[in-house]
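K.L.:
Structure provided below as structure tokens; questions to follow.
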Amino acid sequence: MKEIKIIPLATAYAGCFLGAGFVSGQELWQFFGEFGVKGYVGLLIACGLLVAFGIVMMRLLQLSGLENVEEVMIPWNVPILRRLSGVILNVFLLGVVIIMTAGVGAAMEQLLSVPSALASAVFVVLLGVVALLGVSGMMKVFSALVPIIVIATLGFAVMSWVEFGTEGILTLPEQAHNNPLMPTWFVAALTYVAYNLLGAIGIMAPLGKYLKGRKTAIFGIALGGLLLAVVAGSVLTSLSGYLDATAAQMPMVALASRLNPALGIVYGMLLLFGMFSNALASLVAFMEYMNSNIRVLNTHRKSTMAVLMVLVWAASLAGFGNLVGTVFPVFGYIGIGIIVCICIHYAQCLRRKKVVKVKNITETDRPQ
């Protein structure tokens, strides 16, 4: 694969998060919208942290030259801890694939009355086939779909503001939220950042070796964060004007259908794009990890993928809304610890770089 430039990096980073929960509004509403106007503050903090930690992560990959995600996450040579972190990360990545699959089922049932189990089954077949193309296939999907998602969600937001008005945006009341895993808007924002970054680590780690230059990492991640902020802001402000939609499994699909039944189908297709790109990224990262740790899988890639997709489909039958409200917050708390470890690792790399630089200057100035 060729060297990754700023825009492909931005679309890849944004694509890590633009899944079923994000684009549908379910995830954004649970983590931010339910807290009223305070949720907007939480969203701004979350976007800022996603950019900051994203830059730290990519710079760490550049400075360390590491490709093994376990070594990236844990700076200390403790095999048990590294393996545990790798298992946690990949259980989460697999969980994301399951949630996206459940999201497809819920969307197709809501839009076209197609049985969710059937829609999810077709989805996993397509997903498994494309995932066999690996990292290069993932990057092509991101470059094609992420710009469409960003522009389309902004367009739907404008239509929503025109139809339902903008008064409810700034006066959004706090909603009833009974999830003990997210007791306050600040805790919700932190767990949101943590679980999203947990998934992004696994997805972005294989890209480190294709990334050249400090500016590429900084501007690429910053642009990716801006794209996320545009989509998130568009979704939240749209739902603020039509609160009835938040009761649906796919709030933004319900809102689009309220604007026009045809628009509901269009947004449903948009949602499928987001779910596919997010599920693909998580699945590719998961398979990269499995193939590097269990060598025998490299010679049985297709059969392994087939078995995995059957398991994903079966697990997705648990339902979309239930999975979002439970799986994501739990891994958010776990992700906080891993993010701290990554920041420590980054600080260690900077310190080593500084020591080497001072040593080189000293040797240069030494009289011959």
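Just so it is clear, glycine is given a Cβ too, placed from its N, Cα and C backbone atoms.
What TrEMBL says about a protein is an automatic prediction, not a curated fact.
Quantities reported herein were computed from a predicted structural model and do not represent experimental measurements.
Copied straight from TrEMBL:
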type	residues	note
TRANSMEM	41-61	transmembrane segment
TRANSMEM	87-108	transmembrane segment
TRANSMEM	114-135	transmembrane segment
TRANSMEM	142-162	transmembrane segment
TRANSMEM	182-205	transmembrane segment
TRANSMEM	217-242	transmembrane segment
TRANSMEM	262-286	transmembrane segment
TRANSMEM	306-324	transmembrane segment
TRANSMEM	330-347	transmembrane segment
K.L.:
The transmembrane segment (41-61) vs the transmembrane segment (114-135): three or more C-beta pairs under 8 Å (separation of 6 or more)?
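P.N.:
No, since the transmembrane segment (41-61) and the transmembrane segment (114-135) share fewer than 3 Cβ pairs closer than 8 Å, they do not count as touching.
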K.L.:
Go through the chain and flag residues at least 6 beyond the ends of the transmembrane segment (114-135) whose CB is under 8 A from any CB in it; none is fine as an answer.
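P.N.:
Long-range Cβ neighbours of the transmembrane segment (114-135): 1, 97, 101-102, 104-108, 141, 206-207, 275-276, 279-280, 283-284, 287-288, 301-302, 305-306, 308-310, 312-313, 316-317.
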K.L.:
If we skip the immediate neighbours and take only residues 6+ beyond the ends of the transmembrane segment (262-286), which ones have a Cβ under 8 Å from one of its Cβ atoms?
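P.N.:
Hits for the transmembrane segment (262-286): 12, 15-20, 22-24, 90, 93-94, 96-97, 100-101, 103-104, 107-108, 110-112, 123, 126-128, 130-131, 134-135, 137-138, 141-142, 145-146, 148-149, 152-153, 156, 159, 199, 202-203, 205-206, 250, 252-256.
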K.L.:
Looking at 142-162, 182-205, 217-242, 330-347, which one has the highest count of Cβ pairs under 8 angstroms to the transmembrane segment (87-108)?
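P.N.:
When the Cβ pairs under 8 Å are tallied, 182-205 comes out ahead.
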K.L.:
Return the stretch with the most CB pairs under 8 A relative to the transmembrane segment (330-347), choosing among 142-162, 182-205, 217-242.
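P.N.:
Answer is 182-205, with the largest number of Cβ pairs below 8 Å.
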